[in-house]
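Below: one structure, written as structure tokens.
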């Protein structure tokens, strides 16, 4: 089966997306849910146990409280209420805790922070209940989200006149779980306990009630937890909590029988005490088992997802020599009869493993819950990828042996730029194993981009002032007809790069100054948005611009940035698209003025503001128009194989439409980021990539580096909290999930998307397939490595606060890469001409 290298890379990335999705499904805890979903009617409560006797208590107990008022304070740490700080800052609350009618607890919040449930209010004559609590704590520096003691410990105070407090009764707060509040409030309000609740009743709330009511409350709670355990754990009968529950239920029945017989002896009292202890022990064990189930990793799904991603990465690495050939197709041996026996053997082994895992699993597994036909298809995919790897490896070894026997072949060597790009990329991948490097990943990309600029400066000096012993630094390594040769890269117009002697004085100095100009731009952008953990609190230029006192300066900077964006983008657009771009950028400023971010010179500062719905939709019309025009030209170029000009214009107009959309979604103080991005692309294209004759692989890696750097220049980080969700509501008057998700994702990944789109246009005439392959490979390496690192670090202290958000970012980045690879593949001609033929066609048309 023959595929172009671009189509092959796009297919590989699509399979990787599937593997990462399976890994994410196994990595992130699946919520424990009840299978019964009775929306319109509530299930009848479990009857009171009665050993041989007939109990008349088959309904829910009456509510303990008339109403509940919940006071939820964000980031309220336990020592802010209990202890010396509480006495100083919350004296009345401290008095209620120490001497009032209240019960106090230290509720532990499980990372990541959960949201408190909403409660619905039944009016009776019972007293009211005031609940004072926090959703999570905070560290000493004021942050939260991790799993330190200060961040997970929150106060939980229940205040009601129904609670009895004897004089001198000193109570120390007990440690409980936040999830216990749902069950407690449900029982207190006379409501059924939520089916999905994993919490247990806070017993001090009901300890003043008669024993029969206490036992009834505990029985309802244990029945609910035992049903939840049965529906989520295959071997629930062996669980210690379930065994305790059955024992407590039998003892409870005996107690009810004695109680109904009006037996008031000491036997009834001692048995009741024993049943209470048994229920409380069962509740604690059942709640712990279900909480462990929630926090348990699905290792089987994680392993299968990792294997799929690693297989695809291995196949990409083995196909690299052949894929980087100019215009070469790849032979994908998916139907080779030589390895049919291996395929079936692997499939049978995987099927046996699947059966063993699913029949012996003590906890729920996602792959075991899907239909067997779907699971079988996944095993076929894994087996086929393994066979393709073996076949590709065999062919590579044979070809390498033949090439080594040919002594006339010149030996290929790595240039200094090749080594820098390879070592820099590898260093970044290895740095992902440290939490500090993940938190401060922007520093890694800033360092790599700055180093790249210095290396380009040195390279420019060598090219502009060559010595006698200078040798060409850049050439394309190609394999064709089992022979290796070196050839200079062709420009997008088909011409070879001019030599240094042909460069004029102005051009030579422009080449020398370009890396330093790019370096200066990157340094200015670093001051615009502080990100990461260590420097997020530091003042930056963006904070200064967004203050209400500097709205005039922000307006001027935004207008200047939009003007620069138009001047840099319009040069490659058609006349119609150029007009649409100008009107669209004007609409962007009008939108920001309508919502009050910027001001027109004639606009008063105290003017009322709107949501800017009309202005934003006005811009969307031009975005869609430009994208439609570019797509039309791109499809037209697929029909006329020799017309490369139409394809180039089409790709640039698609790129222009994305730039206009980015200008609309980015906040006004980030418009300079977009302007500098376009400026750097223009400078690199005109004065570095063309004159210095970089090959497609190097240009692809540089685009990837700058795309990642601009992701952080924009103010993003590996923390979910830095996502600008306001981009998902631009032009929308109501929440619509699909458009809001698309706009939020695009607004977050503006940097990588625009740099990859620029790459597709820059290499559109000769190397789009190779660029697609290189881009897919360089995006796949960190994803595959990070899956292994996250698996090995799954019990790390910062797994939820640092590593898991980064995992989500990597997964979304891979999904975007799949879409970008589809763009690369669309940019490739259906009928690919050879390099000489393509050069001749372009020369004839110029």
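FYI, residue positions are counted from 1 along the chain as it appears here.
Each Cβ is built from the backbone N, Cα and C atoms, and glycine gets one as well.
TrEMBL tags one of the stretches 523-540, 631-648, 649-666 as transmembrane segment, and that stretch is 649-666. Listed by sequence, the residues of this chain that lie at least six past the ends of the transmembrane segment (649-666) yet keep a Cβ under 8 A from its Cβ atoms are 562, 565, 569-570, 572-574, 577, 581, 584-585, 587-588, 591, 616, 619-620, 622-624, 626-627, 629-637, 673-674, 678, 714, 727, 730, 743, 746-747, 750, 753-754, 757-758, 760-761, 764, 823, 827.
Outside the transmembrane segment (807-827) by six or more residues, the chain places 4, 6-7, 9-10, 13-14, 16-17, 20-21, 24, 27, 634, 638, 647, 651, 654, 718, 720, 745, 749, 752-753, 756-757, 760-761, 764, 768-769, 771-772, 775-776, 779-780, 782-783, 786-787, 790 with a CB less than 8 A from a CB of the stretch. Against the transmembrane segment (772-795), stretch 299-318 shows more Cβ pairs under 8 Å than any other of 299-318, 608-628, 738-760. Distant neighbours of the transmembrane segment (608-628): 573, 577, 580-581, 583-584, 587-588, 590-592, 594-596, 653-654, 656-658, 660-661, 664, 730-733; these residues of the same chain sit at least 6 beyond its ends, with a Cβ under 8 Å from one of its Cβ atoms. Within the model, the domain 'GPI ethanolamine phosphate transferase 2 C-terminal' (614-820) carries an average pLDDT of 90.
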